[in-house]
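Structure, as structure tokens:
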Ligand code: HSE
């Protein structure tokens, strides 16, 4: 019987959803940044969010409005449990940045509570509960941030209902560069502006690229990864909301990135490179573009996180 705990603190990683051509079906996890979530047992039944730090305390502590609270409520509802749980959510990355911030909090929360309770739920069940957090954050329970944050690595979502999620193990190293220009874009808003119908020729190009990207990752073929990282459907619409998008992307490719695009729904822009040195050089030129127009920004350089969430501290019952 697995141990039960009084207190568990979990790190859950940020993620890059879509990865250019894979709108809603592809995502990757970063080693850093990530959110930290504490779960603690209490005498009083039910869920309480006692602290939210980072992001200037703008996030709600009401369980039904906070992604972590909603995700844990779904978990306890599934178990039919009224155990008393206090949550603390420590935001370590910006909201509305395209780094999967809400997903990381939901994933951290369900992983921490599942461990607290002696692992009653499977990872696939945790994915469903974390997706409920995504539903409250942006209106749809898409899995392309929660799945990589929960499982680590590159993840391909063949289907959301029924849930069919496949981990893609890239046999070659890959490093991500993510530049976050300090403006906020709400995923919910950027989904509303997308077209509902797609010309057949564009759809053919897009599914050619997603197949190529999956094959490139599995074969460890950098050239195939590079030529497949093209998004002809979503990027042309959303990129107009991101200052200097074309310049930043071009600078990343010129500096040696394999590909570059919008991270999730933006405004962050990501690039993938073969090694840390290239990823660092790519980060410098991307940042330079924002310095040119006087826009504050942050850059993150990270290998792909292969493990998903990490237990940082725990106290046994
Ligand atoms: N696939 C989602 C979207 C990810 O692009 O709207 C949001 O982070």
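Every residue gets a Cβ built from N, Cα and C, even glycine.
According to TrEMBL, the domain 'GHMP kinase N-terminal' annotation covers 69-153.
Per TrEMBL, the feature ATP binding site maps to 94, 95, 96, 97, 98, 99, 100, 101, 102, 103, 104. Residue 104 (ATP binding site) falls within a helical segment according to DSSP.
Secondary structure of the domain 'GHMP kinase C-terminal' (214-290) per DSSP (helix as H, G, I; strand as E, B; remaining residues coil): 45 helix, 9 strand, 23 coil. Residues annotated as domain 'GHMP kinase C-terminal' in TrEMBL: 214-290.
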Query: Inside 8 A of the center formed by the CB atoms of 94, 95, 96, 97, 98, 99, 100, 101, 102, 103, 104, which other residues of the chain have their CB, for the recorded ATP site?
result: 14, 93, 145, 264
Query: Just checking, which of 94, 96 (binding-site residues) has the fewest C-beta atoms within 10 Å of its C-beta?
result: 94
Task: Give me the non-local Cβ neighbours of residue 104 (ATP binding site): same chain, 6+ apart in sequence, Cβ-Cβ under 8 Å, ordered along the sequence.
output: 12, 13, 14, 15, 34, 35, 93, 145, 149
- line: For the binding-site residues listed (98, 100), most other Cβ atoms within 10 Å of the Cβ sits at 100
- prompt: Which chain-mates of residue 102 (ATP binding site) that are at least 6 residues away have a CB under 8 A from its CB, listed by sequence?
  reply: 67, 95, 133, 134, 137, 138, 145
